[in-house]
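Taken straight from TrEMBL:
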- 20-260: domain 'G-protein coupled receptors family 1 profile' (DOMAIN)
- 6-31: transmembrane segment (TRANSMEM)
- 38-66: transmembrane segment (TRANSMEM)
- 72-93: transmembrane segment (TRANSMEM)
- 114-138: transmembrane segment (TRANSMEM)
- 158-177: transmembrane segment (TRANSMEM)
- 209-228: transmembrane segment (TRANSMEM)
- 240-262: transmembrane segment (TRANSMEM)
Amino acid sequence: TAINPWDVMLCVSGTAIACENAIVVAIICYSPTLRTPMFVLIGSLATADLLAGLGLILNFVFQYVIRSETVSLLTVGFLVASFAASVSSLLAITVDRYLSLYNALTYYSERTVLCIHTMLVCTWGVSLCLGLLPVLGWNCLHDRAACSVVRPLTKSNVTLLSASFFLIFIIMLHLYIEICKIVCRHAHQIALQQHFLTASHYVATKKGVSTLAIILGTFGASWLPFAIYCVVGDPDYPSVYTYATLLPATYNSMINPIIYAYRNQEIQRSMWVLFCGCFQSKVSFRSRSPSDV
């Protein structure tokens, strides 16, 4: 069977995703200092994206080496669970950032740790259930009329996944708007205390709001086209439409470690220690909280 160039691109994307996020997972596991709730959530996101990258690679291998409907069903379920965990981890990170600003005085408490662990259990539990649905029978292997644009998932299955994404996107949008309000209110309070808003405070506030817009914009631009196409698309449409919307969605897992991990100074320092072993800092690093964006 001739190899589809789109499948090659997905496999290459999966390889890049797996390599990027494997480094993040290794850094967080290697560094005892990265045990705060913020880094636990970043580790959850990196693990989900790592599994998604491996799933894309396995899907390519099994599609052209081991042609089996059962194996295809397992890999699709694995991909659904991984990407669902990735999107859910992004929501958990957003909630964590909001709580770190809204309850700044009580954030570093046992209640926060319990909240983070609860979010992780819910994130991975729901994602695992979504991934098991096609494996347990919610598929169109024996009823092609029920197939969606993503075979072997049924139309009702992808509708459920798309609806879940839209709900998560709306919640994240609402939380980031609230975060922007809190950041601007803090800047206004500082201005009242100092009788004017300094240039540094204005730049920091503008940078924070811009970063939040970039984070949400990147997430939406990556996943919205695919989620919308899953709802309005028809399985009779050319498969190129599915590939053209699915490929940008995978790029979100490629961008996540850059936004949430590699920009963090604590992870940068741990990376130098992990790969160099002879880190001598000439730059002062400070511990960053989830509210630092």
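Every residue number used here counts from 1 along the chain in the order it is shown.
A Cβ is built for glycine as well, from the same backbone N, Cα and C atoms used for every other residue.
No curator has checked TrEMBL annotations; they are predicted automatically.
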Seg_contact(the transmembrane segment (38-66), the transmembrane segment (158-177)) with at least 3 CB pairs under 8 angstroms, min sep 6: no
Non-local residues, at least 6 beyond the ends, that sit with Cβ under 8 Å of the transmembrane segment (6-31): 39, 42-43, 46-47, 49-50, 52-57, 59-60, 63-64, 239-240, 243, 246-247, 250-251, 253-254, 256-258, 261-262, 267, 270-271, 273-274
Beyond the flanks of the transmembrane segment (72-93) by 6 or more, those residues with Cβ under 8 Å of it: 38, 41-42, 44-45, 47-49, 51-52, 55-56, 58-59, 62-63, 116, 119-120, 122-124, 126-128, 130-135, 139, 141, 150, 152-153, 161, 164-165, 168, 171-172, 219, 223, 249, 252-253, 256, 260, 290
Integer average pLDDT (0 to 100) for the domain 'G-protein coupled receptors family 1 profile' (20-260): 85
